[in-house]
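Summarising the annotation, TrEMBL assigns transmembrane segment to 48-68, 80-101, 113-137, 149-169, 175-195, 202-225, 237-260, 281-305, 325-347, 375-393, 531-555, 597-615 (among others). Summarising the annotation, TrEMBL assigns domain 'Cationic amino acid transporter C-terminal' to 570-620.
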Amino acid sequence: MGVLVDSQEGGGGNGSSWGCVRSLIRRKQVDSVHAKSSGQQLAKALSVPHLIAIGVGSTIGAGVYILVGTVAREHSGPALTISFLIAGIAAALSAFCYAELASRCPSAGSAYHYTYICVGEGVAWLVGWALILEYTIGGAAVARGISPNLALLFGGGNSLPVILARQHIPGLDIVVDPCAAILVFIVTGLLCVGIKESTQAQVIITTANVCAMIFVIIAGGYLGFQTGWVGYELPTGYFPFGVDGMLAGSATVFFAYIGFDSVASTAEEVKNPQRDLPLGIGASLFLCCALYMMVSVVVVGLVPYYAMDPDTPISSAFTDHGMQWAAYIVTIGAITALCSTLLGSILPQPRILMAMARDGLLPPFFSEVNKKTQVPMKGTIVTGIGSAILAFFMDVSQLAGMVSVGTLLAFSMVAISVLILRYVPPDEVPLPSSLQESIDSASLEYGRSGQKINGKRSKVKFGTSTTDSDKPLLFKEDASGEYPLTAKHLFLGNYRLSEENRRKIAGWTIMLTCVGAFLLTYAASNLGLPSYLRFSLCGVGGTCLLSGLIVLTCIDQDDARHSFGHTGGFICPFVPLLPIVCILINVYLLINLGAATWARVSVWLVIGVLIYAFYGRTHSSLRHAVYVPAAQADEIYQSPARSIA
């Protein structure tokens with residue numbers, strides 16, 4: 001273990017290149033009593049019902065009112081319910097990972113925060129930057145979808161007042177949407193009032209949406225029993241497109257579960273995060289999956305899949321059975337779903353911006369918290385203005401695929417972070433350079449003096465020196481010695497891995513597993529590759545993936561995982577299998593988003609890289625950090641030298 005002084009000042013000379021690389025992999029400490037932000041804290045006002053409302057409201061958008069018709073017609077047929085179930089199980093894998101990290105690291109920032117702690121600053125910046133894109137475009141896209149539904153509710157496309165209706169501007173060849181911009185400003189104002197007030201509004205709107213879906217289930221079920229469920233009595237059977245079609249439908253409806261991660265972004269505002277965050281994430285995802293499955297059972301049973309209206313499948317199903325009035329209830333459900341999703345899209349972004357600004361990667365403007373409302377008001381206003389401008393001027397439907405990049409990237413990094421936390425948790429924590437005197441005093445107490453070299457990195461070790469680094473990769477275990485053999489050691493016979501080498505093997509194995517997942521999914525998805533190259537890549541990727549799973553299953557997890565972060569919360573089961581499957585699914589979906597989506601996202605990511613290179617890297621709160629062994633961090637904070645300083 002070493003005391004490392006990160007000094008990125010100047011960045012000149014031969015050390016500049018190493019300083020740039022070092023800045024990408026530096027990791028921050030889990031927020032603790034010693035490492036809280038000096039600014040005003042967010043209000044602790046949320047409990048489990050609030051979190052469920054945020055999760056369900058952010059997840060169930062108006063898409064489900066259209067998605068059931070499109071997926072049933074093109075992919076799943078009557079097996080649509082199974083497609084929703086498989087997609088829900090896949091989403092639950094990410095939810096398990098989120099639940100553990102959210103309870104261990106309950107701070108604003110969600111996936112950005114977890115990645116910064118477990119992976120490093122460079123990757124965390126990309127995750128945060130991608131999430132900013134996701135929430136900005138997502139909010140604008142949702143807002144643009146509200147005005148057509150409002151017009152439909154009041155009688156047609158031209159029924160809205162002129163001031164709210166969409167207008168075409170010939171000179172610019174764009175269609176502006178005043179209603180969308182106004183709704184974004186209303187939601188922004190509501191979020192500025194306070195987290196408790198805005199969440200209570202979310203509860204009301206989400207309840208109305210759920211009631212509309214329950215109406216569809218009950219009324220549709222009644223009609224189904226009256227008519228004999230004609231949608232299931234087809235000569236093509238339950239799987240008209242085969243199992244492949246059902247799985248393709250699962251990949252499509254998976255995106256209907258995106259939104260539960262918004263719960264994690266409010267971690268700092270939860271009263272009891274260790275208990276409430278896992279319950280909120282799990283309950284919201286379970287409710288969404290149950291509602292999706294019951295709605296799909298009813299709608300597919302009322303109308304044969306090939307006869308469904310692709311645009312209004314639920315309304316048309318009731319209309320075909322003489323219940324035209326039910327279309328109004330379905331439309332109200334769609335409007336409330338869009339409003340709750342709009343609120344859920346704008347809510348997380350100011351907290352992401354605040355977390356990044358606290359870490360110095362964005363200007364401190366975004367980290368300011370209003371003393372009265374205890375929300376990041378400036379970040380909320382900037383977010384609202386950006387989403388309103390996009391919603392007013394741009395048809396963002398073509399950019400909707402970009403929303404998925406941020407979510408899937410975050411899901412992947414959260415799963416990787418769980419593996420890192422379990423097998424190679426950070427064993428050194430950053431302390432402010434102002435504590436250098438305390439660090440030197442602590443090192444002297446352990447018998448070795450620490451020296452700080454101005455402008456360069458100095459590595460000072462203190463504490464009892466471990467002999468792990470002096471041992472070979474495998475050493476003979478004495479059966480009568482201090483360490484008894486366990487089942488996980490038996491695969492090596494009477495040989496036992498030293499702790500340092502276990503961490504090295506685990507770290508390289510996690511990286512190899514991620515590379516294997518990428519190669520396997522890329523080769524399986526890219527049908528344009530020559531067959532020999534495709535099968536070779538599949539073989540290499542599959543071998544890396546399977547080997548990584550076997551190695552991580554056989555070696556011990558790190559004992560430090562028990563005390564890492566805030567203990568007593570949810571523990572993700574079936575590690576390493578569950579996170580690895582989660583990585584595989586999310587990487588597969590990322591690769592299949594399409595070249596056009598990746599071309600647009602690449603522009604945004606390049607802009608982010610430039611901002612990080614010229615601002616974030618040089619303003620990071622860790623640029624002068626002193627890294628000390630985690631076991632000695634509390635002792636250094638409490639040392640007499642600090643009180644003297």
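Note that Cβ sites are derived from N, Cα and C of the backbone, with glycine treated the same way.
Of the two recorded stretches, the transmembrane segment (237-260) lies close to the transmembrane segment (80-101), with three or more CB pairs under 8 Å once pairs fewer than 6 apart in sequence are set aside. Look at the domain 'Cationic amino acid transporter C-terminal' (570-620): DSSP puts its residues at 40 helix, 0 strand, 11 coil. The transmembrane segment (48-68) makes no contact with the transmembrane segment (375-393), as judged by fewer than three Cβ pairs under 8 Å among residues 6 or more apart in sequence. For the transmembrane segment (281-305), the list of distant contacts is 48, 51-52, 54-56, 59-60, 64, 68-69, 72-73, 76-78, 80-81, 83-85, 88, 91-92, 95, 98-99, 102, 210, 213, 216-217, 220-221, 223-224, 227, 229-232, 234, 240, 253, 256-257, 260, 263-264, 313-314, 316-318, 320-321: same-chain residues at least six beyond its ends, Cβ to Cβ under 8 Å. Beyond its flanks by at least six residues, the transmembrane segment (531-555) meets 419, 423, 488, 491, 497, 502, 505-506, 509-510, 512-513, 515-524, 576-577, 580, 584 of its own chain at Cβ-Cβ distances under 8 Å.
Beyond the transmembrane segment (597-615), the same-chain residues lying 6 or more positions past its ends with a Cβ under 8 Å from any Cβ of the stretch are 122, 125-126, 129-130, 133, 361-363, 399, 401-402, 404-405. Per-residue pLDDT, averaged over the domain 'Cationic amino acid transporter C-terminal' (570-620), rounds to 93.
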